[in-house]
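Quick paste of what Swiss-Prot says about this protein:
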BINDING   Lys12, Leu13, Ser14, Gly15, Gly55, Arg59, Asn163, Tyr169, Asp172  ATP binding site
BINDING   Gly54, Asp74, Ile135, Gly136, Ser137, Pro138, Tyr139, Phe140, Ser141, Thr142  UMP binding site
REGION    20-25  region 'Involved in allosteric activation by GTP'
Amino acid sequence: MAEPKYKRVLIKLSGEALAGEKGVGIDLPTVQAIAKEIAEVADSGIQIALVIGGGNLWRGEPAAEAGMDRVQADYTGMLGTTMNALVMADSLKQLGVDTRVQTAIDMKSVAEPYIRGRALRHFEKGRIVIFAAGIGSPYFSTDTTAALRAAEIESDAILMAKNGVDGVYNDDPRKNADAVKFDKLTHVEVIKRGLKIIDATASTLSMDNDIDLVVFNMNEPGNIKRVIFGEQIGTTVSNKAELRK
């Protein structure tokens, strides 16, 4: 077997990825299909963490715009991410993959609290760790959660597994047929160009901690494994990448 490019990764999934064609809620067959892809990678000895958004169940910003207190709206979203994490953990366990959910808010009846040292021990024992409930504070996105946790666990890369999006373009390819896809970008170029891969806080965290971002289409079977083993899939963002004009 080829040597993997990344030995410890954090996979960032949107909540909508769990909703399937419905677009909202949780579609269990879809979750099970994603879990199977992740399990195949775990079987290769790769250490895996997951962060899953909650947009399939709740979105804090629109709720706040409709009049709800923003802090309460964001805490509600954190509960949504935990629901997604528990469903994904169960799907992985059904495949025989030892998995732990760690939450930034104490929910000891259903998950472990987030403790960095414990997470690292789980990786050493071959377990997948799913980080839920954001960073435990309002106003921070799950993108920022992914970047922060990736830095804390010394992840080699953040895999931005997108639902039907195959990389980063200089314009919206759905609106502009001449849009150009980048194979490689630097973190600095992403920030300068205002490319909306992840939010600004997460982008800066990734740059400062020298963490690669790989944006790719998760709907293509086997893509997660291809990225980890170094195939040129999607767009790679790093501090060392050469910008494709």
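Using the three backbone atoms N, Cα and C, a Cβ is placed for every residue, glycine included.
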Reduced to three states, what secondary structure does DSSP give Gly54 (UMP binding site)?
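Reduced to three states, the DSSP call for Gly54 (UMP binding site) is coil.
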Would you give the longest CA-CA distance, in whole angstrom, between residues of Gly54, Asp74, Ile135, Gly136, Ser137, Pro138, Tyr139, Phe140, Ser141, Thr142, the set recorded as binding UMP?
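This binding site's residues have a maximal Cα-Cα distance of 15 Å.
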Sequence gap of 6 or more, Cβ distance under 8 Å: name the residues on the same chain that satisfy this around Tyr139 (UMP binding site), in order along the sequence.
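Same-chain residues close to Tyr139 (UMP binding site) (Cβ under 8 Å, separated by 6 or more) are Arg70, Asp74.
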Using only the Cα atoms of Lys12, Leu13, Ser14, Gly15, Gly55, Arg59, Asn163, Tyr169, Asp172, which the record gives as binding ATP, return the largest interatomic distance in Å, rounded to a whole number.
26
Of Gly54, Ile135, Ser137, Ser141, which is closest to Asn163 (ATP binding site) if I measure between C-alpha atoms? They're all binding-site residues.
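Smallest Cα separation from Asn163 (ATP binding site) among Gly54, Ile135, Ser137, Ser141: Gly54.
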Please work out the number of neighbouring Cβ atoms within 10 Å of the Cβ of Ser141 (UMP binding site), leaving out its own Cβ.
19
Which of the binding-site residues Lys12, Ser14, Asp172 has its Cα closest in space to the Cα of Gly54 (UMP binding site)?
Ser14
DSSP on Lys12 (ATP binding site), three-state: which is it?
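Once the DSSP labels are grouped into three classes, Lys12 (ATP binding site) ends up as strand.
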Measuring Cα to Cα, how many angstrom lie between Gly55 (ATP binding site) and Ser141 (UMP binding site)?
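Here the two Cα atoms lie 11 Å apart.
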For the binding-site residues listed here (Gly54, Gly55), which one has the lowest count of neighbouring CB atoms within 10 Å of its own CB?
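Comparing Cβ neighbour counts within 10 Å for the binding-site residues Gly54, Gly55 gives Gly55.
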Tell me which of the binding-site residues Ile135, Ser137, Ser141 ends up closest to Asp172 (ATP binding site) in space, Cα to Cα.
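Sorting the binding-site residues by distance from Asp172 (ATP binding site), the top entry is Ser141.
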Just give the helix, strand and coil counts over the region 'Involved in allosteric activation by GTP' (20-25), going by DSSP.
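Going through the region 'Involved in allosteric activation by GTP' (20-25) residue by residue, I get 3 helix, 0 strand, 3 coil.
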Between 0 and 100, where does the mean pLDDT of the region 'Involved in allosteric activation by GTP' (20-25) sit?
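Here the mean pLDDT over the region 'Involved in allosteric activation by GTP' (20-25) amounts to 91.
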